[in-house]
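> What follows is a single structure, and I will ask about it in a moment.
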Amino acid sequence: MNWSGLESLISGVNKYSTAFGRIWLSMVFVFRVMVFVVAAQRVWGDENKDFVCNTRQPGCTTICYDHIFPISHIRLWALQLIFITCPSLMVMAHVKYREGKDAKYVELHHGSHLYANPGKKRGGLWWTYLLSLVFKAGFDVAFLYILYRIYDGYDLPKLSKCSLPPCPNTVDCFISRPTEKKIFMLFMVVSSAVCIFMCLCEMVYLIGKRISKLIRIRQENQRLLFAEQHELTNMAPPPVPVS
């Protein structure tokens with residue numbers, strides 16, 4: 001996979017992100033993509049070749065390997081990284097749509113702009129950005145759950161018992177470097193959990209900022225309404241005394 005191309009594409013989201021979003025993106029590429037490309041692929045590169053069972057029964061080792069590793073960690077993490085980065089493209093697509101719409105508006109109205117800043121998170125773009133955070137956190141949670149269900153709580157035992165046909169009886173199977181693989185798996189799990197936390201923090205920040213802005217607008221409107229009413233009361237003519 002061309003991760004450098006994906007990185008350059010997603011990095012464009014940085015200028016439309018909050019501080020939490022920039023931290024999330026840095027964590028994804030430094031602690032997940034870089035670890036995945038540089039180290040994890042090499043650690044799991046020999047999982048099939050060096051998987052050994054104490055039997056010579058044809059097909060037994062293959063069936064046991066498929067049972068113990070129903071899906072490769074590497075392919076699952078690659079799929080996870082693709083899923084969690086794709087929602088950021090929603091934000092970029094929405095901004096590009098706004099920029100194109102603004103360019104057409106400028107042509108028709110002789111220099112007048114439709115958006116003062118197409119990348120500012122207002123209106124529909126605010127909802128798109130919030131939805132992208134929900135998708136990113138949701139995908140991470142879903143993949144962590146899948147990994148937990150497949151590997152019994154993120155565990156890689158040094159010895160696995162297998163009695164599936166065509167194995168003649170219960171055989172012992174061993175994976176290569178189980179401790180090292182378990183450490184990398186836990187590292188990726190913790191990185192995913194931290195990214196989920198950052199998405200939740202960003203959601204709280206966005207919603208809190210929006211609520212705070214609405215409260216300020218409401219208070220300002222109430223202040224202006226009160227000032228108008230007070231001004232109208234002062235401008236009213238004094239009552240004429242009755243003789």
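Numbering starts at 1 and runs along the chain as it is shown here.
From the backbone N, Cα and C atoms, a Cβ is placed for every residue, glycine too.
Caution: TrEMBL annotation is automatic and unverified by curators.
Below are the features listed in TrEMBL for this protein:
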- 21-40: transmembrane segment (TRANSMEM)
- 42-75: domain 'Connexin N-terminal' (DOMAIN)
- 76-95: transmembrane segment (TRANSMEM)
- 126-148: transmembrane segment (TRANSMEM)
- 139-206: domain 'Connexin cysteine-rich' (DOMAIN)
- 183-208: transmembrane segment (TRANSMEM)
> Should anything in the same chain at least six residues away from the transmembrane segment (183-208) have a Cβ under 8 Å from its Cβ atoms, list it; otherwise answer none.
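That would be 18, 20-21, 23-24, 27-28, 31-32, 35-36, 39-40, 43-44, 73, 77, 80, 84, 121, 126, 129-130, 133-134, 136-137, 140-141, 143-144, 147, 151, 154, 156.
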> If you run through the domain 'Connexin N-terminal' (42-75) with DSSP, how many residues end up as helix, strand and coil?
14 helix, 2 strand, 18 coil
